[in-house]
Amino acid sequence: MADVSNGDAFVEFERVQKSYDGENLVVKDLNLSMPKGEFLTMLGPSGSGKTTCLMMLAGFETATHGDIRLGGTSINNIPPHKRGIGMVFQNYALFPHMTIAENLSFPLEVRKMGKSDREAKVMRALDMVEMGAFGGRRPAQLSGGQQQRIALARALVFEPELVLMDEPLGALDKQLREKMQFEITHLAHRLGITVVYVTHDQTEALTMSDRVAVFDDGRIQQLAPPDKLYEEPQNSFVAQFIGENNTLEGVVKEISNGVALVQLDDGGLIDAKPINVSKAGERTRVSIRPERVEYNKDRMPEGAHTLKAEVLEFIYMGDIFRTRLRVAGKDDFFVKTRNAPDQVRLKPGQEIEIGWLAEDCRALDA
Amino acid sequence: MSDTTQSGPVLAADGTPLKRSLARALRMQKIRALMLVAPLLLFVLITFILPIGDMLFRSVENQIVSDTLPRTVVALREWDANSGEAPDEAVYAALAEDLKIAAAAKLHTRVGSRLNYEKPGISSMFRKAGRKVKKWDVENGGPFKEQFIAIHEGWGDPDAWRTIQTYSPNFTNGYFLNAADLQKGAEGAEWRPEDEQIYWVLFKRTMFMSMVITISCIILAYPVAWILANLPARSANMLMILVLLPFWTSLLVRTSAWKVMLQQQGVINETLVWLGLVADESRLVMINNQFGTIVAMTHILLPFMILPMYSVMQTIQPTYLRAAKSLGATNWTAFWRVYFPQSVPGIGAGSILVFILSIGYYITPELVGGTKGVFISNRIAFHISSSLNWGLAAALGAILLAVVLVLYWAYDKIVGIDNVKLG
Amino acid sequence: MKLTKLSALVATTAMCAPMAMAQDMANEMTIVSWGGSYSASQKNAYHDPYTAKTGVKIINDESSAEAVAKIRAMNEAGNVTWDVVDVVASDAMRLCDEGLAEEIDHDAVLAAAPDGTSASEDFGNLIVSECFVPQIVYSTTFGYRTDLVGDTAPTSVCDIFDLEAYPGKRSLQKRPIDNMEWALYCDGVAKEDIYDVLGTAEGVAQGLAKLDTIKDQVVWWTAGAETPQLLADGEVVMGSTFNGRLFSAIAEQNQPIGMLWDMQSFDLDGWIIPAGLSPERKARALDYLNFATDTQRLADQAKYISYGPARASSAPLVGKHAELGIEMAPHMPTDPANATNVHTYDYEWWADNRDDLDAKFQAWLAK
């Protein structure tokens, strides 16, 4: 568990627990600390507790135990409307009976702001999301992407320091989603706001965030920047959940010089970097990314252990090739190779040998 | 390519204009659609449009006088009603002839009943005269004037003749005048004597009380509908059964139950006296007045308010309230600015339902309304079943219909009818 | 067109008349009445014996309260489904006036008394309309709560207007008939002058003024069952209703209610035959009336309900209550002890003035 707790933490969860029924904990012992200006994404499968965390932060759910702090003060007993946190909802929750301008004006009105100030701010917020011409329309007259921008503008118009986003792009099609991912991150960085973003889409999490908290079973499994998360998963859940991944199961034979020798269940031997294993005899699950697997003898590191593999399928995907192999008795082992002029194109039925750098192969918990 | 160069109507492949060809293709579809709605259309026509048409027709129809007394009506045209004298012999001779035929067909008393609505006493003039005229020799038995006056002195009264003359055309606005507390006087429409004016009072009271009932229904139904819409499905279903329970009990039973509750020796008064809150000799009067009617009708009509409200509120996502709060609104502001405006269509639909149902209600006001709690519909029922003055009942009904349409129109102008949602 | 049809009808009836026998009569009939114990008494006294005798199936309909309007509607639709209808005398007159009821030749249709007196003589002046066959004499009169009126029970109808001697609510029927007469009578108008006075605007005002003195203490009823219920609940100390209703409250339900017969308002209830029946159905209806209104049957009905038979010749035959075994004669409105001071209401006068007076009465009520 990463502990970033320090003096300038802006949002803090300390030993937070949440139970709805008094029997099961939905959130188990959550500790999290984020500095001002960070874009943090809570990523996890549904039911992992990420949305509950967001709702506790927003004030719509109360923590069963523990402390949530904002800017150093506990907000456990502060009602949502006094927290000053902007929020973008999954279905945007734009008020259908108000025009776009009225929607944006609403948070300013409840803050008793003067009319001219309000109009100026609304206009600025609309311009910010390039929707300046739409102030007089109703939400129903806008497309999904446009509504998304308005929801964003509404959450930002009263200049909150913290903005929460609950799967805000879930309802958009792929292309629009990618465009909006960029816009949201740019906007967040430009305005210097702190963002907590909830999603179950790992690509979104990786492309947008400064740090990602991977949730499962009510706990943060790993909290790290995207590259670390991808390249150095701390346990097999994270390794499985983030990106594509090949796993092989076996027993640690020995650990020496920071390299573990793992005997697979079919007897084959491989080198791996020990992460969650500490001594010989432990069961482990080794994880290797498809693009780090090598079958070109010339490129294989010297002295590396290799495994025999049979090519089952070769898939041409334009920029890359995907090859499905049978390795160690499992036939769902993938290899990804870049489409380059000198790249070998494998044929089904072909017998090859595969290998990798020991540090690319991580021996994790079984 | 040739399509783009030619001018004039676009043609289909076979050369017929595209519009006609499309219309032909759609005709079968239209006929099929018409066939599908035909049973309902027919049903609505027979059970709704035709009766309303018949009612509107009855409210102005007055053919009975000229049909039954054709000669008299013609002869009476020359007579000056303001002369102060009864008409001359020619009219009486025509009357004798008409009455003899009418009496043989037993129609004379019908005219009598019809005209009696306008002037008391005419009924027996016709009844008595018919009995005698049957035996007269209308060709040689004259002169008739004295004979008629001998049967009933009313036949010599110019006022009675004026009534016959006034109501001789085939169509009359007399029923409508009556329904508005007016009557046909010597110089056109005039107010009825004050001790006979009642319909204005009743129309105003019906409107006022229906409004009060609608408002009480809104106040009582809103929280219930809100709870229903926000409860988990299972508890909501249970509560819904309780809401609908009154529908399963007969209207009379429910109304009688209110009597037991509200009367002076009733449950509420007994309890209040027992608690010492009310002295035994000054028990509250809660029934046989407007209060009783409002209470009983609010109870009866409440489900009609709850159901549309509920179905509208169900569609309002809870995230709207959360969004409002996250934007800084207090609970009240979030409700008032965000939730309430979205629930207005439900209130509108419920109000229209309750209001229209209550202005036409008559059983409950009849039973618990006493003298101050009765509605215009009670008078309509009276004229339908007791006085048999169906023309007047139809006129009152037509006015009520017009009022409803005007209110509906006003609602459409103010709130917009497309804002009404029944579910 | 109409005339030819009519004469054709007359011709066929005339041809059929000599052959009219049982097999030419419908063997099913619908009889309309008021329901409740009243219909039950008719079933016991008339319907069951008639079915036993002829095998005719009798269907009971309890629509008498709306009979006038319904008959008119049926008549307009040209589909009359009722054969014999029990109505009050004023409704019979109205139906007759509207041509909705058949005129009946009483002596030709109805049975003579056992001593040979003709039917029209036996019924006497109770035949208030050519269409009407009288059945019972009932009265609208007052009942009072014996335990709520103090030591001196009311003896005069004018005690209704005496709020000092008898404080508390009273119930009256929501219509001008009877109430106006009682009001004038208690305001000093002689009984024989009541209708003359009531025929003038001043007379109406006088009657309403008298009613005004108790207006805020009156509960107005529309259904006959209301007053017995109000009396039983103690909601009113006295109230008007039909005497049979009071009889069942007193004798059958043992309520602490007393009868006040003073100025009881006699009214009649009887049969009419709707106009427009087919010859077979009409013949059946007339046959039924002949059976059901003979001297003995009318007396029989009084075993079940305390309404007086309309035939003079039936009165001596009235016996005991079929279940309670009490002598019925003293409970009849027509019993000499009860009928010392009665009010006989003028059908003709009300037929003329009912609509007008009703408008004024309703306007007064609404004030």
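Placement of Cβ uses the backbone N, Cα and C atoms for every residue, glycine included.
According to TrEMBL:
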- B:31-50: transmembrane segment (TRANSMEM)
- B:203-411: domain 'ABC transmembrane type-1' (DOMAIN)
- B:207-229: transmembrane segment (TRANSMEM)
- B:235-253: transmembrane segment (TRANSMEM)
- B:291-310: transmembrane segment (TRANSMEM)
- B:344-363: transmembrane segment (TRANSMEM)
- B:388-411: transmembrane segment (TRANSMEM)
(message) At a C-beta cut-off of under 8 Å, are there same-chain residues at least 6 beyond the transmembrane segment (B:291-310) that contact it? List them, or none.
(response) 209, 212-214, 216-218, 220-222, 224-225, 228-229, 240, 243-244, 246-247, 251, 254-255, 258, 262, 285, 343, 346-347, 349-351, 353-354, 357-358, 361, 364-365, 367-370, 373-374, 421-423
(message) Is it the case that the transmembrane segment (B:207-229) and the transmembrane segment (B:235-253) touch, counting contact as three or more CB pairs under 8 Å in which the residues of each pair are 6 or more positions apart?
(response) yes
(request) Name the range, of those listed as B:31-50, B:235-253, B:388-411, that has the largest tally of Cβ pairs under 8 Å with the transmembrane segment (B:344-363). (result) B:388-411
(message) Can you tell me which parts of the same chain pack against the transmembrane segment (B:235-253), counting only residues 6+ beyond its ends and a CB-CB cutoff under 8 A?
(response) 224, 227-229, 299-300, 302-303, 306-307, 310, 363-364, 367
